[in-house]
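Residues or ranges marked as ATP binding site in TrEMBL: A:Lys7, A:Tyr8, A:Gly9, A:Gly10, A:Tyr180, A:Arg185. Taken from TrEMBL, the feature substrate binding site applies to A:Thr47, A:Glu74. Among the features that TrEMBL reports, domain 'ACT' is placed at A:267-351.
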There are 2 protein chains.
Amino acid sequence: MALVVQKYGGSSLESADRIKRVAERIVATKKAGNEVVVVCSAMGDTTDELLDLAEQVNPVPPEREMDMLLTAGERISNALVAMAISAQGAEAWSFTGSQAGVVTTSVHGNARIIDVTPGRVTEALDQGYIALVAGFQGVSQDTKDITTLGRGGSDTTAVALAAALGADACEIYSDVDGVYTADPRIVPDARKLDTVPYEEMLELAASGSKILHLRSVEYARRYGVPIRVRSSYSDKPGTTVTGSIEEIPVEQALITGVAHDRSEAKITVTGVPDHAGAAGRIFRTVADAEIDIDMVLQNVSNTDGRTDITFTLSKANGPSAVSELEALKEDIGFSAVLYDDHVGKVSLVGAGMRSHPGVTASFCEALAEAGVNIEIINTSEIRISVLIRDEHVDDAVRAIHEAFELGGDEEAVVYAGSGR
Amino acid sequence: MALVVQKYGGSSLESADRIKRVAERIVATKKAGNEVVVVCSAMGDTTDELLDLAEQVNPVPPEREMDMLLTAGERISNALVAMAISAQGAEAWSFTGSQAGVVTTSVHGNARIIDVTPGRVTEALDQGYIALVAGFQGVSQDTKDITTLGRGGSDTTAVALAAALGADACEIYSDVDGVYTADPRIVPDARKLDTVPYEEMLELAASGSKILHLRSVEYARRYGVPIRVRSSYSDKPGTTVTGSIEEIPVEQALITGVAHDRSEAKITVTGVPDHAGAAGRIFRTVADAEIDIDMVLQNVSNTDGRTDITFTLSKANGPSAVSELEALKEDIGFSAVLYDDHVGKVSLVGAGMRSHPGVTASFCEALAEAGVNIEIINTSEIRISVLIRDEHVDDAVRAIHEAFELGGDEEAVVYAGSGR
């Protein structure tokens with residue numbers, strides 16, 4: 001008898017009807033002889049509706065209360081799924097993150113899981129019940145307040161539970177049927193991958209792929225939990241994220257896929273005096289505002305002893321980063337802060353590039369041939385990323401996908417949905 | 001410095017705008033120098049919407065999950081009120097019933113409060129915070145599952161907290177500005193009462209008055225908590241429920257008010273063999289189905305040794321009581337089960353009737369004069385209730401109110417709303 005953890009995202013739960021379909025799948029999994037634990041996100045638009053209500057009563061809502069508010073969404077969906085399961089002949093109990101033993105740090109809105117002690121979940125399973133656990137939430141170890149886990153929190157809940165329970169499988173359900181070599185809505189011959197090693201999935205997630213959230217993949221890798229990405233609309237086997245690139249024989253290592261990201265913007269601080277400390281202060285200022293930076297480019301100092309410093313960041317943080325830097329202008333003595341939000345990032349990921357030195361060259365040639373200019377380039381051992389004009393993103397993705405022959409014979413099946 | 005507990009009902013919280021108004025009142029109470037604890041029901045239609053969703057996935061939802069589902073409503077409203085308070089310059093923390101230490105029996109959907117240990121609430125008050133507590137819910141002492149408290153549960157939460165905290169005042173806010181001598185929508189010259197003793201409020205609540213729920217008044221009486229019934233739309237002082245009829249000098253004891261109730265139906269079991277045990281079996285059958293009975297009438301046995309047994313019950317239980325009784329027909333040998341849901345109950349309440357023997361006579365005369373026929377009559381020390389045709393209820397209320405000169409000079413102010 002296997003123990004299976006399944007996670008269903010908001011779009012899989014967006015109506016009473018979808019909830020009943022999800023319950024059917026859960027009950028079928030139980031009747032096949034498995035112990036089943038299910039993690040549900042809030043229904044469809046619930047989280048956005050709650051955020052909207054919050055904003056109407058307070059434009060800057062206190063974080064503790066935001067967590068109390070938002071966690072109602074998962075409570076609702078998990079209770080409804082438990083009810084639907086009961087109507088279909090199995091028994092189920094739903095639990096909040098706190099009741100399921102998900103213990104976290106105290107950072108409201110972005111808490112990290114410290115420990116999972118799923119005693120009540122195990123008890124439910126032992127009594128033959130299906131256990132529903134509210135995703136995206138836990139309880140703070142220090143304050144005992146309810147916390148939420150940040151973006152992708154329900155995926156992380158599922159993986160963390162799978163690890164704590166020693167589950168045989170962790171299945172993440174959404175409206176896409178697996179991880180593809182590129183976004184099928186851009187590249188018609190994108191191919192579904194059967195498996196992807198953890199390190200490549202981490203790079204894909206960090207490079208814009210919305211299939212799985214970075215934190216959940218990190219957690220899965222740390223605890224050795226295999227993740228199956230599947231569609232809640234079909235019975236296809238999906239993609240399994242498992243294993244390390246170190247286990248792949250050199251000659252079999254591949255180029256795996258192309259990711260793209262339109263969520264970043266570019267900031268250039270021009271005419272920065274080229275003395276020790278100026279660059280450090282610029283980056284420290286942005287870091288102190290709790291803003292993460294991605295790609296960085298610093299021009300070689302030109303003849304007048306000044307340099308330009310360029311970096312990318314999430315568009316959401318753009319305005320506040322600009323204003324933090326503007327405040328330093330007189331002090332550091334740079335010329336201007338330029339903001340450009342018409343950029344896009346395209347990345348090629350694959351363990352194979354470690355042993356194939358020509359990959360970077362082929363990558364750049366493919367882009368040049370497609371008329372795409374590279375503004376910043378950034379690499380890791382298994383990834384090449386470039387910053388380009390956002391209107392060129394689709395062409396770039398297609399050109400790279402083609403150049404590395406990633407396409408399959410069958411036309412990719414595209415489901416309506418955001419890729420989550 | 002006083003400790004004030006305030007409770008706001010769903011209609012006082014039905015939109016972001018109403019929530020901000022409620023927050024203004026709460027902050028004003030705090031700024032006047034009080035410690036403030038607030039209990040909020042779910043927003044307007046939330047509970048009904050959740051019930052509807054539940055019914056769509058399971059026509060007979062498991063009770064444990066129904067409690068997990070419905071309690072999301074209070075979580076949402078309390079978090080939003082806390083946010084609104086924060087936007088207006090005070091600080092607030094919201095707590096679930098469980099977090100606030102409301103410990104209950106295990107009966108899902110109708111749990112009773114066993115104990116209230118409001119440690120986290122007291123902590124919040126000590127740190128200068130306003131404490132919000134989700135009404136209508138608690139945690140089961142035995143199973144540690146979340147429970148809901150049944151009808152009027154938020155009123156009961158407020159009174160129980162007031163008792164546990166030794167509060168100076170417990171204010172129940174709704175869309176009516178107090179307890180009236182009769183429903184102002186029926187009787188234009190109904191007068192608002194300044195105070196009402198506990199026993200009379202209990203009778204009014206049991207006789208159909210929807211201002212306060214029976215259980216909360218019982219709790220208040222047991223722990224000596226004075227309740228102020230006020231409108232959230234005005235600053236009027238409202239009605240205070242406090243004191244015992246035993247404290248009222250005989251000559252000052254009054255007739256207090258008229259209540260009416262359209263929620264009951266009448267069942268008559270005809271031709272019941274007049275032998276020992278038949279009536280007992282009929283009542284036992286209904287009781288075993290967990291159906292409460294109100295008024296009872298048994299005809300004197302007529303010449304053929306058969307009798308009719310009549311009783312009233314909540315309309316909601318009508319159909320199942322009928323079917324339970326139909327099943328006994330052959331066994332007991334009665335003739336038929338008749339069901340009549342066009343009845344209404346009208347009651348006169350007042351400690352004064354203990355010392356005024358003519359009250360029952362005046363009551364019946366007033367009804368006769370208004371052309372209203374009495375089908376069943378039932379009295380307690382301080383209440384007279386009659387069952388009549390439902391189309392006569394309004395006339396009966398007016399006739400009795402007039403006969404006992406309960407009207408005031410000012411026309412009653414009637415707010416849109418259900419009287420909750």
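In case you wondered, yes, glycine gets a Cβ from its N, Cα and C as well.
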Most Cβ neighbours inside 10 Å, all chains, among the binding-site residues A:Lys7, A:Arg185: A:Lys7
Whole-number Å value for how far A:Thr47 (substrate binding site) lies from A:Lys7 (ATP binding site) (Cα to Cα): 17
For the domain 'ACT' (A:267-351), residues assigned helix / strand / coil by DSSP: 29 helix, 34 strand, 22 coil
Between A:Thr47 (substrate binding site) and A:Arg185 (ATP binding site): CA-CA distance (Å): 26
Neighbouring C-beta atoms (10 Å sphere around the C-beta of A:Gly10 (ATP binding site)): 23
Distance from A:Thr47 (substrate binding site) back to A:Gly10 (ATP binding site), taken between C-alpha atoms, in Å: 9
Cβ packing number for A:Tyr180 (ATP binding site), 10 Å threshold: 26
Distance [Cα-Cα, Å, rounded] between A:Thr47 (substrate binding site) and A:Gly9 (ATP binding site): 12
Separation of alpha carbons, A:Gly9 (ATP binding site) and A:Glu74 (substrate binding site) (Å): 10
Reduced DSSP assignment, A:Thr47 (substrate binding site): helix
